[in-house]
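A short write-up of the structure that comes next.
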């Protein structure tokens, strides 16, 4: 998933440095700077407990004058009160000073332990260092993506070049997150960048739709952190995309977002298998997503996937207790493409061979039809293993 | 928890027999017969996929002419279509024939594997056997309670005698359930019996209130089965309880229901510790219950309890993503009586000694205040261990 020179969008420079926030000595400060003011939007955690950087970003997006995003890992700046707000602001101020822009044009994200004040001296030094190392080449992009990791086993990036009419449009995106890890409440952070021209009016809608079909459709343990943030920066100049071009762009950015979001699930704590839950026939998209989410969050479904068990009872009954309506006599289920439940009744199948198929697939497709409606939704989730339990029950506070 | 002769309510006879539904050879058919018609009510699963016996019971309760409850374990009679309905009816008919009553006066419950037809020949023979062994003594009550078990490690019964004014009122209750186990979708079943006189008008309300503060406030894995049923039978004759006496009765039956429901959590699959989640200061009872349920279902909170980790971040952030409103700056938390988070800010505490306290307690009290409202709710949940994962990921379909 490494970025290549060919498909990094123009207009962005990157840096990732080590400034000593993490005891591990791994890189912990990431900086993205744009060559000129760009349009930007964000979608943020729905948790009622909100970290200071999220509050600040919310107040500064959407915007058409964004110049930089600074992110630290190792400390989430959450549950830190007034000092936390002052520190988040100060991080933006320090960046603004060095690149010569309005502090309001800078966004900030944080991830790591909560309830502790940021080590501002280290962070300021890190910002200084990063601002001197900015570069637009792929290694710089990778360094920026590395510096936002916490417990992630893998770096998460997506780069892509697509064609819309005569235009070539590029994407580069990075994310971090592998479940909520105490005391980190580890957080999902992601930045998507493109050189497409987007208006300040449309960028929020574009991002919201992309988030709804990707980051809002993945689950490791169903725990929404206090820091979750997803940003979209669009550096393209000239006439913004409209009409059919904008629609085409939307479908491409949705795919980029899904590719990035799926990396979170694949790297889920302790995950061995993932599920691709496809709900069809619901009353509408929301209903389909509600059903899919309920299945995705069921410990019994998750452990069935862990064990390679084609357990239709757990899946169908999870759909049955979701808050969305299903039609029991029109409910059918396929696992790995094989139909094992049709119209409300189990149908005979070779459990041994289907189990072998499930075990052989890293991603197990689950197709559930719940009626004859037009509502459809896809959802991705990790399984539940002893490693997840071990990882999260080790004493950490 | 064994019943003694002193506190079994009058008017009930019991039997528990082995008729060969379970391959294990353990007892699998339970019969409760009343000496005369009694009032009865039921509350049932909210799952949209509903087993045949639940459909039948729903249509026959509340009633003031109940004569018997027959329960089989080893087969849930769920997802069995028209044959399932016919079989459920037939079980009641067989009981009615033998005790001499209207088939409508008989209720039926089933638990065990789903999607397979009931072995009706065995069951009919079992009903015949049970109807000849009915007795009102404690060993018979215990046999009836044994015969409804599936994967329960422990038998679950509560017996109690209480005083209301000059009256002595007795309770005897039995339950089964330890989580949803595939392919069993193992189900919670419970029957509470009392010799209090209750009117057919009040018994449904009494049971609903008792269920709301007990069985609806416990969680092992959050999976609502297709068969969950809770029945209340009241054999008392003469003037029904009203006014203050009914209120007193309500508070006692709530306690009986809570004592029984807590046994489900304590016997939760793989459970080592349980949590007693006490939410206070919410807008109303429903809001408090929603917050408590969200905490109870969080795999991160569950694994923190497994690990004896006083992880306030996981608990507070779970409350924050519940569907009910919290006031972050008025949120405080105690674990094992020790305050570690106050008014939205963590406060220093000795993590090592608090962790030792958590490990030493079989039941870990978690007191969360989320504002200044009057809404309060208690909730009980098991922790999440590797044994749970192992138990549920072993190949079983």
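Even glycines carry a Cβ here, placed using N, Cα and C.
All TrEMBL annotations are machine predictions without curation.
Worth saying up front: this structure is predicted, and the values here are computed from it rather than measured.
Residues annotated as substrate binding site in TrEMBL: A:150, A:176, A:187, A:269, A:392, A:397. In the shown protein chains, 22 other C-beta atoms lie within 10 A of the C-beta of residue A:150 (substrate binding site).
Per TrEMBL, the feature active site, nucleophile maps to A:187. Look at residue A:187 (substrate binding site): DSSP puts it in coil.
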Practice prompt. Please state whether DSSP places residue A:392 (substrate binding site) in a helix, a strand or coil.
Written response: helix
Worksheet item: Near chain B: which of the binding-site residues A:150, A:176, A:187, A:269 have their Cβ closer than 8 Å to one of its Cβ atoms?
Response: none
